[in-house]
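*Asks:* Taken from TrEMBL, the feature active site, glycyl thioester intermediate applies to CYS266. Summarising the annotation, TrEMBL assigns active site, cysteine persulfide intermediate to CYS432. The ATP binding site feature in TrEMBL is assigned to GLY119, ASP140, ASN147, ASN148, LEU149, HIS150, ARG151, LYS164, ASP208, ASN209. The annotation Zn(2+) binding site is assigned in TrEMBL to CYS249, CYS252, CYS324, CYS327. What TrEMBL lists as coiled coil is 41-68. The domain 'Rhodanese' annotation in TrEMBL covers 372-475.
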Amino acid sequence: MLAMMLQPLQALQQIAIRCIRLCCHVVERYICVFIIVMDVVDLLKDEILNLRKKLMEKEAVLRQHQTQMYEKAEEKGLYKKLTNVEIDRYSRQIIMPEIGMKGQQALKNSSVLVVGAGGLGCPSALYLTGAGVGHIGIVDYDKVKLNNLHRQLLHPETSTGQPKVLSAFNSLKRLNSFVHITPYDMQLDSTNALDAIRDYDVVVDATDNVATRYLLNDACVLTDRPLVSGSALQLEGQLTVYNYNNGPCYRCLFPVPPPPETVTNCGDGGVLGAVPGVIGVLQALETLKILLGHQGVVTKKLLLFDASDCSFRNVRLRDRNPSCAICGNEPSITALVDYEQFCGSKANDKHNSIHLLDNVDRISTGTYHDVRSEPHILIDVRSPLEFEICHLPGSLNVPLKDLASEQLVQPLKEVITKKGSSDKDFPVFVVCRRGNDSQKGVLALRETLSGLNVSVKDIIGGLHSWAKDIDPSFPVY
């Protein structure tokens, strides 16, 4: 009887023993895994230490090569020493351990090409000149306009109408007579970009159009020059360095250009003047770091600036693409191409006209002026903010984005139904700032007004043409 009672207890005891043994095995395995992981961690720590050691050795070799290069250049009379006046002028930089005499002399013997003397190029060139970069080239084809002055601070009011490079040259020489300034009053293209860039150590992209970005990228890759790229629009700015330290080039990230109609520049979207000021100064900073051989250059990442809350953040970029058409292992592009054809847009910052309608669907400002007294509806498709700046009397403000909405266009339909007749099409004209959005507006209205007896046409050249050809007193922006 007692034996029978003990049997369940013995069975439980056996189960408990097995469980304990199983737990011990599991613990042993976890301990083994932990030991392996710790060994891997130790190996990684050793590898990191070795890499840091190698990096320090490489940096030491680089400094040695730089010193030898300076000494050889000095022997040949090519290396320019700092004068006593320059030492005094740049002393607040020289006393920094990150700069020193060698660093300041390196800046004096360096050269930078700034492409664009606008919102980005002005602050960039200003601070590069102030820092004592020995030779600065400035490229621009445009003339100073009144609506440039809120952000392009190298240009005073008295420079309005002058070539931007001449205005920039005069301002920079007044700032620092020790710096050699070379103005290039021209537009860079496939025929002259390589020759211009070869004479400089670093290129600053301060332009505002896609075609020139591809041109500069390809030229910098072919000449092995770093490209410090910046952009600014409305309240946002971006900054990165291409083709530097085995980082990606512009084509690595954007092998195909965007459709021209999707690209907005500051002339269309607007920009707060201080935003390109911030980005332009940062472009100068990154350029100085490259010339001085400093670490931490913004390459392989994109710096984003949001002026609405003054925030900065970095976004990691893809590595250099081994299959890239220009910087890849087997590049298919070995010479500069036609970038206007490649991008489908002009290689300048000026307004580009689009052609979405046939000629029969468009009228000139002169023709519209002749029919203004006749029954019609004029729709202004600009934003309410722009409509507030100026508009033609009697025009209705229906923003382009609202034209596809049946609900928002319903009041317009009611007006057309009330004013129109059944025996002929009622004329509806669409206007915008320059004649591009008005064409898009015509296409949208044809959909939303289908079924009505209407004739929808856009006004060629928009309000700019009206001010130029009809009413010179009409404000333009």
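The backbone N, Cα and C atoms fix where each Cβ goes, glycine too.
What's the neighbourhood like for each of these?
*Replies:* Look at CYS266 (active site, glycyl thioester intermediate): DSSP puts it in a helix. Listed in sequence order, GLY119, ASP208, ALA232, LEU233, GLN234, PRO276 are the same-chain residues six or more apart from CYS266 (active site, glycyl thioester intermediate) with CB atoms under 8 A from its CB.
For CYS432 (active site, cysteine persulfide intermediate), applying a Cβ distance below 8 Å and a minimum sequence separation of six or more within one chain yields ASP380, VAL381, ARG382, LEU400, SER438, GLY441, ASP458, GLY462, LEU463.
In the three-state DSSP classification, CYS327 (Zn(2+) binding site) falls within coil. The Cβ of CYS327 (Zn(2+) binding site) has VAL221, ASN243, PRO248, CYS249, ARG251, CYS252, ARG320, ASN321 as same-chain neighbours under 8 Å, each 6 or more residues away in sequence.
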*Asks:* Can you tell me how the residues of the domain 'Rhodanese' (372-475) break down into helix, strand and coil by DSSP?
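*Replies:* With helix first, then strand, then coil, the domain 'Rhodanese' (372-475) has 43 helix, 18 strand, 43 coil.
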*Asks:* Looking at ATP and its recorded binding residues GLY119, ASP140, ASN147, ASN148, LEU149, HIS150, ARG151, LYS164, ASP208, ASN209, figure out the farthest C-alpha pair and report it in angstrom, whole number.
*Replies:* 20
*Asks:* Determine the mean pLDDT over the domain 'Rhodanese' (372-475), rounding to the nearest whole number.
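*Replies:* Summarising the domain 'Rhodanese' (372-475) by its mean pLDDT gives 91.
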